[in-house]
Amino acid sequence: MALPLSTCLLFHPKESRSRRFCFSPASASLKSGLHSATSAKIASMPTCFEQTRGRIAKLFHKDELSVSTYDTAWVAMVPSPTSLEEPCFPDCLNWLLENQCHDGSWARPHHHPLLKKDVLSSTLACILALKKWGVGEEQIKRGLHFLELNFASATDKCQITPMGFDIIFPAMLDYARGFSLNLRLDPTTFNDLMHKRDVELKRSNRNYSSETETYWAYIAEGMGELQNWESVMKYQRRNGSLFNCPSTTAAAFIALRNSDCLNYLHLALKKFGNAVSAVYPLDIYSQLCTVDNLERLGISQYFSTEIQNVLDETYRCWMQGNEEIFMDASTCALAFRTLRLNGYDVTSDPVTQILQECFSSSFRGNMTDINTTLELYRASELVLYPDERDLEKQNLRLKLLLEQELSSGLIQSCQLGRSINVEVNQAIEYPFYAIMDRVAKRKSIEHYNFDNTRILKTSYCSPNFSNEDFLFLSIEDFNRCQAAHREELGELERWVVENRLDELKFARSKSAYCYFSAAATFFAPELLDARLSWAKNGVLTTVIDDFFDVGGSVEELKNLIQLVELWDVDISTECYSHNVQIIFSALRRTICEIGDKAFKLQGRCITNHIIAIWLDLLNSMMRETEWARDNFVPTIDEYMSNAHVSFALGPIVLPALYLVGPKLSEEMVNHSEYHNLFKLMSTCGRLLNDIHGYERELKDGKLNALSLYIINHGGEVSKEAAIWEMKSWIETQRRELLRLVLEGKKSVLPKPCRELFWHMCSVVHLFYSKGDGFTSQDLIQLVNTIIHQPILLNDQTGAGLSKLHD
């Protein structure tokens, strides 16, 4: 079951301190987008790329929102404040007269065939407005003819039912009867509509709650004499509107002549001219949607200045308690998630309060918006502080709710064409901390729905919600980067051969996996050197780990450490064995190569630091070897102080920090923040490894964190209890790591460097999500999708993009 009315609505009655709920602007999308794309044609269009980029940039400077014939019709019904016999907004009437479709309806251009109920509702509202003021007889006649021909759609269960349709549309039919409009309607359909309205009203009365009151207030124009207008006006906002909805506000003014309602309608018309939109204002949500699209699709780097401006403005509005954010569940959740992920200091209290209201409500009727539920779930994942227990609890409840939706098999989205079941399944199976950045972006591209239609009481759209330009740019960028990544992988594989690492028969060959972990996390072309440093050191740590585990004698291991300590040695005479010679030669050559590249960026020699990083790893591995040889059983603390280093992430991550752009001073790399980030990241990895490798290592007679935890507790703790404790430890370490990565004000390390620690944390979470490290077939498929398989357009989407960009 999705969240109820409260997830879609946040209202603020004047005499109540508790928040209520308002309709979320994210409702329905109508076209299924891309599943796959050819890079050949796209790669040959640099001019088209820039043109597309330019069109997207314009979205930051102008919010484009469609007008609503339904809401405009209700505004047109508003009488003058000085005379009930004259329209207050005659220009709205003229707009209705000029915008009737050829078939007699007042439909949006190119409306979806499943939106016939919306078209019926909009058309009837327009007829009522014209009839009220005695204009447009010909338009009324054509509109009535359209209604009569299409009336059966009003009860068609295959059609999308706009919010409140079953109440509002029958009410408007009653209004039409009062205007003596001669509607020749099928009596069976008409009676079915009226019966359904009566049933819903009776059900709502039986289960009356604050949520019911909220819902009735939102559909005020359809309640007629049943409406308690005093109750409705509790939901009036500071801008004079009811729910930022022109139609509801117009109905309220018609009933009460409230001057603030009228002022709001003037503002809405000032924004759009002679018509209004279905929701106003929607600027913050629209801009956040643009940012979210760009970030999810992996093209935010092309709009960094524009995005920064949106984030700063959103943060300003957040701090001011702007109603546009806090009166809407989706906007609040999206703003919180976007701001927190971009390092802004925002409290989770508003999101928690929304969720507490949701779950405390007994109302499970008219409003079930799975899209808003998913948005709230994503926001609730971002627990950073120990005092955010309430947010953590709500996250677990939301996860359970989404799992129930999936298992029911009845999960539906208000956004037609959106693969909401896929999104929900992915969100549950791969939390944000357990999916690598490029993997998430490819999935977003593959399931992208570029229709931008949403549905509340009527449909509306905006290119800020989604559009083909976002899709086109993301496909081209992904495939272009992927082509470069394939070349880099080829370079890595040549490096393996040139350094004779392929001759080491004891070692696992994992060059593709090592490179994948880099390409799937920091993929920008300019980070080539950082990726290759990461991947080469990943290969070397795998080789050396195997050397310590199975490939080398104690004499060889000691010799390797001694060679690294001495460094400038004659390998032809100082190496204990052929294997040691290959490993040390590759290690020394690679460290020097990385040191030379880093020198160009840093302006100082960092080779000795890389050597020290490697020595830390080698000595920690040697310590574990000696413990095993001597049958020494360390305490869990002794084990972890060494094991977080022996997990071997140091040589992979730390040298790469010098190659991602910012300069790192010696003071920075000696700072406690640097070491804390490394320890948190490595502890997560080590504990995940030890949980998943417990049975195998137990059979091999090896100790790890899980077995030591059980031993240190006298064997009185079960394996399951120990695993639960380990996972809690991982969660604590991961959240602290994320907090340090996101909090920028007090940070010493530059953000691009801090992010590498989080990227590696995501890598290890994904690698251990299904099996023990490099064993999952799913992982093999992921490597192929990120490095080898370009995104291909299906026929329908490809034709749409070709038409758009030819």
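Any Cβ shown, glycine's included, is placed from N, Cα and C.
Looking at 140-144, 395-399, 545-549, 785-789, the range tied to motif 'DDXXD motif' in Swiss-Prot is 545-549. Rounded to a whole value, the Cα-Cα separation of D545 (Mg(2+) 1 binding site) and E697 (Mg(2+) 3 binding site) is 15 Å. Rounded to a whole value, the Cα-Cα separation of E697 (Mg(2+) 3 binding site) and D549 (Mg(2+) 1 binding site) is 12 Å. Between D549 (Mg(2+) 1 binding site) and N689 (Mg(2+) 3 binding site), the C-alpha separation comes to 15 Å. Counted with DSSP, the motif 'DDXXD motif' (545-549) comes out as 5 helix, 0 strand, 0 coil.
In the predicted structure, the motif 'DDXXD motif' (545-549) carries a mean pLDDT of 95.
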